[in-house]
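Engineer: This is the structure, below, for whatever I ask next.
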Amino acid sequence: MRIGHGYDVHRFAEGDFITLGGVRIAHHHGLLAHSDGDVVLHALSDALLGAAALGDIGKHFPDTDPTFKGADSRVLLRHVVGLIHAKGWKVGNVDNTIVAQAPKMAPHIESMRALIAADLQIELDQVNVKATTTEKLGFTGREEGIAVHSVALLLRA
């Protein structure tokens, strides 16, 4: 059994939506990123890669590679799943914490869970997504960006 932790941050930029956990959410900003900016799936990918001792998403999907410009993070996550399966691991469960003042996440949580479960090839009850604010403190509280912590448990397949 292995445990991995992932953390990612993206700054808000011009735009009218953000993508979190594979779900497109209307917002008065977008997220600045080389790929689609899905900070949930980036943190989750890092947690999975870390648990399997496979490095991080920067190693596998460098932001200097034009191939990944605007990339769909669900495609990247599915690639990560293939890597961990190839090393003899399967996902036991994942837990994701979104840290953001806005937008409200509650209406989107169940959709995120369903997409993540599908991409990880696991059951819905093995995926948790929750959100919190920082009570208007720090960069997330000032609505300058979004942060996500992810934890993943891997089990031998």
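Using N, Cα and C of the backbone, Cβ positions are placed for all residues, glycine too.
These numbers come from a predicted model, not from an experiment.
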Engineer: According to Swiss-Prot, D8, H10 bind divalent metal cation; identify which of H29, H34, H42, H60 is listed for that same site.
Structural biologist: H42
Engineer: In Å, rounded, how far does the Cα of H10 (divalent metal cation binding site) sit from the Cα of D65 (4-CDP-2-C-methyl-D-erythritol 2-phosphate binding site)?
Structural biologist: 18
Engineer: Which residues, same chain and not among D8, H10, H42, have a CB within 8 angstroms of the centroid of the CB atoms at the recorded divalent metal cation site?
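Structural biologist: Leaving out the recorded residues gives V9, L31, A33, G37, D38, V39, V40, A43, I146, V148.
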Engineer: Roughly how many Å lie between the Cα atoms of H42 (divalent metal cation binding site) and D65 (4-CDP-2-C-methyl-D-erythritol 2-phosphate binding site), rounded to a whole value?
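Structural biologist: The Cα atom of H42 (divalent metal cation binding site) is 16 Å away from the Cα atom of D65 (4-CDP-2-C-methyl-D-erythritol 2-phosphate binding site).
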Engineer: Just to verify: the residue among S35, T133 with the fewest other Cβ atoms within 10 Å, which of the recorded positions is it?
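Structural biologist: Minimum Cβ neighbour count within 10 Å, taken over the recorded positions S35, T133, occurs at T133.
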Engineer: To the nearest whole angstrom, state the Cα distance for the pair S35 (4-CDP-2-C-methyl-D-erythritol 2-phosphate binding site) and T133 (site 'Transition state stabilizer').
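Structural biologist: S35 (4-CDP-2-C-methyl-D-erythritol 2-phosphate binding site) and T133 (site 'Transition state stabilizer') have their Cα atoms 25 Å apart.
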Engineer: I'd like the number of other C-beta atoms within 10 A of the C-beta of T132 (4-CDP-2-C-methyl-D-erythritol 2-phosphate binding site), please.
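Structural biologist: Taking every protein chain into account, the count is 13.
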